[in-house]
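As recorded in Swiss-Prot:
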type    : residues                       : note
BINDING : Asp529, Asp535, Glu538, Glu539 : Mg(2+) binding site
DOMAIN  : 39-148                         : domain 'tRNA-binding'
DOMAIN  : 427-551                        : domain 'B5'
DOMAIN  : 450-498                        : domain 'RPE1 insert'
DOMAIN  : 776-869                        : domain 'FDX-ACB'
Amino acid sequence: MKFTLSWLKQFLDTSASVTEIAESLTAIGLEVEEIIDKAADLQKFEVAYIVSTKPHPSADKLKICEVETKNGNLQIVCGASNARAGIKVVLANIGVEIPNGKFKIKESNIRGEKSCGMLCSEEELFLASESEGIIELPEDAVVGEPFTKYYGLDDPVFVINVTPNRGDALSVYGIARDLSAKGIGTLKELEIPAVKSTFSSKVKLNIKDKEACPLFTFREIRNLKNKPSPDWLQKLLKNIGVKPISSIVDVTNYMSYSFGQPMHAYDADKIGGGIVVDRHCEENVIPRLDCGISGEESVIQDPVVKPRDDNRGFHALNDKKYLLNKSDLVIKDENGVQALAGIIGGISSSCDSNTMNILLEAACFNAKMVAASGRRLQIDTDSRYRFERNIDRNFTEKALNIATDLILSICDGGEVSEILISGEKEPAKKTLDFPAGYLEKITGIKLTILLHNEANKGEFVGNTEHSIAAYKEVREDASTGLTPKLPLEASYVKGLNIKGIEAILNKLGFATDTEKDVIKITPPSWRHDINILEDVVEEITRIYGYDKIESIKLPELEQDNNRLREHKRISSFKRILASKGYDEVVTNSFMNSKDAKLFTELKDELFLLNPISVEDNYMRPTIVPNLLDIVRKNLARSIKDMAFFEVGPNFIGLNTEATYLTAILTGSYNSKNPHSIGRSYDIFDLKSDLETVFDYAGLSIEKCIVSNQATPLYYHPTRSVNLALGKNLLGHFGQIHPKILKHYDIKEEVFAFELNITNLPAPKAKFGKRDEFIISDYQANFRDYAFIIARDQPVGEIISYINNFNKKLVKSVILFDIYSGDKLPSGKKSIAIRVGLQADDRTLNEDDLNSFSKDLIANIEQKFQGTLRE
């Protein structure tokens with residue numbers, strides 16, 4: 001939206017500076033994108049006077065002009081057809097840069113004649129897209145002064161960004177109203193002229209689609225002199241980039257920018273029959289309308305059917321042709337379509353310099369239809385821009401009277417008909433009950449309460465922090481005497497009072513009526529975006545000033561160290577597994593109950609009452625089935641080597657869940673190559689990765705209780721274990737049961753671990769802190785032991801025991817063989833273990849090693865009934 005300072009002052013009595021106006025506009029939500037001051041940009045171009053001209057001796061189209069300037073007369077060669085003696089023109093002296101082309105004027109020789117400057121056109125100064133000659137200035141222009149003063153360029157142009165909900169701000173009058181409410185001047189009272197009709201129009205009006213066109217008004221004006229519009233009007237339009245055409249067209253453009261009401265003028269002599277507003281039809285069925293006094297109902301006689309000519313289309317004012325369809329709303333007569341409603345007029349009924357009689361239209365069209373047609377046909381006009389943001393239907397008839405009065409005054413009078421109207425005005429807006437305390441509730445702006453003291457007729461100042469309830473009690477007790485506690489001038493410092501709220505809303509056009517502590521608010525007809533109390537709060541706040549809202553420090557949130565610690569730990573686990581080659585996935589927390597039944601006993605409380613789909617009707621008891629489903633999909637795409645993990649909740653019961661780190665592994669550890677036969681992943685690869693996670697958490701699998709009793713049924717019964725720390729179950733790891741894999745159509749071995757992060761103990765030291773790593777300078781020694789133990793004895797317990805047997809000496813324990821066969825007693829197995837021994841303070845001698853072996857063998861025999869194999 002563009003407008004000039006002088007245009008604004010037509011409706012706003014203000015002495016505010018350009019800067020103050022711009023700051024206020026931005027503060028009330030009408031962001032100023034740019035202020036164009038062409039006077040500053042073109043101040044070096046001055047007024048000059050052509051004393052005489054003579055033909056150029058070597059060029060027919062050039063003239064040699066003697067030009068009077070402030071520094072004396074100059075000779076300038078000019079090719080403009082309108083260059084002649086006796087006119088004031090715009091001069092660019094030597095050294096001045098021309099905007100269009102960015103070149104500097106130099107003294108030159110043109111076809112043998114000296115030229116000491118340049119006489120400028122509008123096009124060369126970027127004042128118009130094209131021009132036919134040099135600029136001619138008024139006769140009273142003073143030679144040597146900047147030409148901008150006489151061309152109307154000393155009028156700054158505001159360019160503002162209007163949000164889609166503020167169609168009322170697409171008018172200078174609407175902007176003036178907002179600035180007046182902000183306190184930047186006083187809104188001038190708008191005088192609506194009373195235009196008396198001198199004849200009755202015989203043009204009939206028929207609105208076929210009331211929803212598409214809720215209001216259509218027009219009047220006929222005869223015997224006009226369609227001369228160029230006056231300088232003041234041309235300057236306003238030129239400054240905002242609108243090309244002046246003629247008095248009639250310029251007035252319609254002026255009305256659109258001044259009041260936000262698009263208008264259109266038809267050459268009445270080019271209109272046949274009557275006016276019909278309807279959706280475009282496949283075959284142009286144009287009714288021949290009878291003549292007579294217009295009314296709501298029109299008599300349609302003898303329809304004239306004209307076949308549609310797709311090659312011709314609708315010829316618009318932009319000299320382009322458009323093919324219309326049934327969704328387009330058109331204005332037509334018996335000759336065909338004369339305008340695309342709300343968007344653009346047709347060239348066949350356009351006004352020109354010979355136009356004397358017009359039909360002047362002011363209407364309201366459906367915003368969605370206008371927007372849809374404009375988008376489809378790719379036509380952008382000021383009219384469309386306003387209609388698709390809704391206009392004030394209650395102002396349409398007033399706008400028609402203002403425009404009529406302007407046209408009559410500019411075109412030296414004429415004859416006017418009565419206004420022909422079809423449709424209704426905007427119905428009254430819904431009244432909103434606005435509680436006095438609602439403003440503070442939403443924005444924090446404290447409401448100042450003014451109480452009358454009957455004793456001294458003064459005012460008591462209170463705030464909502466003293467509560468409106470207290471105010472009610474005081475007001476209802478007529479006998480209460482109040483002494484002012486704050487000076488009277490402080491009453492408007494801390495906040496608004498109810499009267500202040502009403503004043504703001506009234507200046508914005510809202511009707512208000514206060515009953516006790518509730519303001520009954522009726523939005524004006526031009527505010528289509530005011531529907532709820534929050535909309536009213538926004539209006540009050542933007543005018544009152546966002547900068548006046550008191551800054552309140554947010555309360556400091558207490559940091560939950562446990563949650564923070566868990567979050568850091570989870571992040572570390574993710575990085576560890578990612579470094580091991582795992583990919584993180586995030587899957588749905590819901591699953592099919594049929595699949596869930598394979599993994600756990602179903603619980604009624606975990607069924608979803610309103611599932612997204614029948615396939616996802618159960619809360620997952622474990623993440624494993626989701627990961628298996630990913631494995632199945634990848635195998636179907638010939639991707640065989642996979643390592644995935646996910647951190648997420650497992651749902652145990654109603655309001656009971658635990659966060660699990662779940663990983664799955666399948667495929668080859670390394671593929672076959674010239675240097676290796678390759679091998680597949682096994683359970684020990686998974687165990688190694690789990691040990692790394694445990695190690696970073698400050699734990700050790702060796703310290704856990706390892707048991708293969710009661711592992712989940714979806715694990716292989718003899719190739720899986722539970723991990724516990726005391727009574728806390730930390731998780732499971734092992735090979736997935738073949739029956740489960742068969743259900744998922746997976747033929748490869750799959751290994752998984754599940755770690756219950758919720759049950760992991762907090763590390764005693766700072767998370768991630770390692771003990772100092774010390775390398776002994778003394779000789780390491782290794783001893784191999786073969787023990788015969790019970791077949792069902794877990795080997796891990798023995799390894800864990802040896803690791804903790806003598807921490808000062810034992811550096812490593814490695815299982816390198818397990819044997820069970822006929823050479824051993826029934827129910828027995830043999831294990832071979834290599835123990836690494838090293839002291840930090842000395843070299844171990846034979847006595848030290850023998851003593852260690854003797855004690856270890858004795859303790860293994862006592863604790864595990866294991867005997868040393870000979």
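Along the chain as shown, the residues are counted starting at 1.
Placement of Cβ uses the backbone N, Cα and C atoms for every residue, glycine included.
Residues belonging to the domain 'B5' (427-551) score a mean pLDDT of 71 in the model. Using a 10 Å radius centred on the Cβ of Glu538 (Mg(2+) binding site) and all shown protein chains, the other Cβ atoms total 16. In sequence order, Asn165, Arg527, Ile530, Glu534, Val536, Val537 are the residues of the same chain, not among Asp529, Asp535, Glu538, Glu539, whose CB sits within 8 A of the CB centroid for the Mg(2+) site.
Across the domain 'tRNA-binding' (39-148), DSSP classifies residues as 4 helix, 50 strand, 56 coil. Mapped onto DSSP classes, the domain 'FDX-ACB' (776-869) shows 28 helix, 32 strand, 34 coil. Other Cβ atoms within 10 Å of the Cβ of Asp535 (Mg(2+) binding site), summed over all protein chains shown, number 15. Using a 10 Å Cβ-Cβ cutoff, Asp529 (Mg(2+) binding site) registers 17 neighbours.
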